[in-house]
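Engineer: Pulled these features from TrEMBL for this protein:
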BINDING   40, 41, 42, 43, 99, 156, 160, 164, 225, 226, 227  substrate binding site
BINDING   94-99, 109-110, 115-116, 138, 173-174, 219, 229  FMN binding site
COMPBIAS  12-22  compositional bias 'Basic and acidic residues'
DOMAIN    74-192  domain 'Pyridoxamine 5'-phosphate oxidase N-terminal'
DOMAIN    206-247  domain 'Pyridoxine 5'-phosphate oxidase dimerisation C-terminal'
REGION    1-38  region 'Disordered'
Ligand SMILES: Cc1cc2nc3c(=O)[nH]c(=O)nc-3n(C[C@H](O)[C@H](O)[C@H](O)COP(=O)(O)O)c2cc1C
């Protein structure tokens with residue numbers, strides 16, 4: 001299993017093939033795309049048993065997150081797919097970076113005018129998916145999202161690099177724009193107004209969402225597609241029940 005960061009670097013190199021080098025010209029000949037139906041990985045035999053689960057799903061998440069991050073096992077293990085639905089039930093998904101987690105849930109930051117944020121304003125039900133393919137695991141969360149408080153948002157915003165702080169101001173996320181140039185001009189104007197070292201105010205249209213889980217499924221790939229799926233379900237009294245799902 002290759003390291004995804006190495007793979008990303010390889011793709012970038014291929015972008016800069018040398019036109020005069022016959023070998024690199026050959027590498028540009030159309031290569032048939034692999035047939036996805038023929039792609040088959042045998043997943044690990046090591047299972048996930050009820051007896052080894054933590055009492056709280058966020059504690060179990062912490063264990064798996066540590067393992068996913070260990071020695072670069074998974075590239076960006078905090079990347080998760082967030083799925084939302086609008087008031088009429090139309091769904092949409094996108095990747096975001098989880099920036100914090102604790103017993104209250106999972107936090108990500110975004111633009112409050114974006115499609116996902118507009119969906120969540122109408123319908124707080126949300127699904128998160130951590131696709132840890134490299135270690136044959138996934139974690140799937142369903143729950144409800146609420147905005148983080150302004151203090152928490154500001155504290156996180158201050159840790160972002162200066163350029164990313166300006167980027168949060170420059171982008172009207174999810175809106176249609178004329179061109180790339182339009183975005184670059186806005187960014188340059190902001191950069192002139194707030195040069196490196198100058199404090200950038202927290203954009204009012206930007207902040208966090210905390211997803212409080214209602215169910216958390218831990219999926220472990222196993223041989224012959226007989227995977228382990230253990231799902232925590234929140235009980236009304238605040239405790240958690242665990243159920244096993246058929247793969
Ligand atoms: C690896 C990765 C990480 C991302 N992280 C974030 C993030 O933390 N916050 C965010 O708003 N968008 C992030 N994006 C961009 C989103 O996928 C998406 O394009 C953007 O939030 C607009 O989504 P929307 O129009 O559905 O609201 C990330 C994309 C990728 C591929």
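Cβ from N, Cα, C; glycine included.
Show me how these features fit into the structure around them.
Structural biologist: Neighbour list (residue 160 (substrate binding site), Cβ cut-off 8 Å, at least 6 residues apart, same chain): 168.
Neighbours of residue 115 (FMN binding site), defined as other CB atoms within 10 A of its CB across all chains, total 16.
Taking DSSP states H, G and I as helix and E and B as strand, the domain 'Pyridoxamine 5'-phosphate oxidase N-terminal' (74-192) has 43 helix, 45 strand, 31 coil.
If you look at the domain 'Pyridoxine 5'-phosphate oxidase dimerisation C-terminal' (206-247), the same-chain residues 6 or more away from its ends with a CB under 8 A from one of its CBs are 42-50, 53, 55-58, 60-61, 64, 99, 104-112, 117, 120, 126, 128, 136-148, 150, 152-153, 156-157, 168-169.
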Engineer: Out of these binding-site residues, 40, 94, 99, 229, which one has the fewest other C-beta atoms within 10 Å of its own C-beta?
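Structural biologist: If we count Cβ atoms within 10 Å for the binding-site residues 40, 94, 99, 229, the smallest count is at 40.
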Engineer: Could you check which of these binding-site residues, 109, 138, 174, 229, sit within 10 Å of residue 99 (substrate binding site), going Cα to Cα?
Structural biologist: 109
Engineer: Three states by DSSP: which one describes residue 229 (FMN binding site)?
Structural biologist: strand
